[in-house]
Amino acid sequence: MYPVDLHMHTVASTHAYSTLSDYIAQAKQKGIKLFAITDHGPDMEDAPHHWHFINMRIWPRVVDGVGILRGIEANIKNVDGEIDCSGKMFDSLDLIIAGFHEPVFAPHDKATNTQAMISTIASGNVHIISHPGNPKYEIDVKAVAEAAAKHQVALEINNSSFLHSRKGSEDNCRAVAAAVRDAGGWVALGSDSHTAFTMGEFEECLKILDAVDFPLERILNVSPRRLLNFLESRGMAPIAEFADL
């Protein structure tokens, strides 16, 4: 069990079923010290309004010893790497994940998908690329991993991709993990929970990492401090309330 989970959705994304309070309760039971709520960006049909993300600034930082990061799973919109997060949203958020979602950016050919993903990585606006192993979006894995390492952007291994969605992701995710290993980049593990009961579950992710001998020191979820150091290296101001996590 790793004490950090970086990808989960609440009832604000209406195809998910848990509240912030539900996640806090599960985190306490499971020994999760720090987690990020990352509801879908507003260009998705059932996503929250952009005011939802701006108003996350009112959330407490720590509840019952559990740290809460304010995040978003934004949508990659085009080959220029634009995402549906901007302006005051950035000011309120700690963690920006971005990925391909069919209602916003339909699958294209390998070159176009790769260009869109690398442009997003190079934009400086994103910390993590979500589920890059999605088989519906063929990419140049080596080029993406090298760009991610260069720009200090983590590539996600998404536990839900092996259980509930994006069927057939295993081979691609092994390739992603191996390419990140070779490029000296970062991997982020995400449960992609749409119900609090699955938060912190990374069993399938770890099978992927074990298969390619991925180094423990390049996994962001190993400790709250490792993740916070990564975010601070990308410009996030230190959060005093997290000092004792």
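Heads up, the Cβ atoms here are built off N, Cα and C, so glycines get one too.
Per Swiss-Prot, the Zn(2+) 1 site holds HIS7, HIS9, ASP192; the candidate it also names there, chosen from GLU73, GLU138, GLU241, is GLU73. Swiss-Prot names GLU73, HIS131 as Zn(2+) 3 ligands; from the candidate set HIS15, HIS101, the record adds HIS101 to that same site. Across the binding-site residues listed here (HIS15, HIS101), the residue whose Cβ sits among the most other Cβ atoms within 10 Å is HIS101.
In this structure, the C-alpha atom of ASP192 (Zn(2+) 1 binding site) lies 11 angstrom from that of HIS40 (Zn(2+) 2 binding site). Of the listed binding-site residues, namely GLU73, ASP192, the sparsest CB environment within 10 A is found at ASP192.
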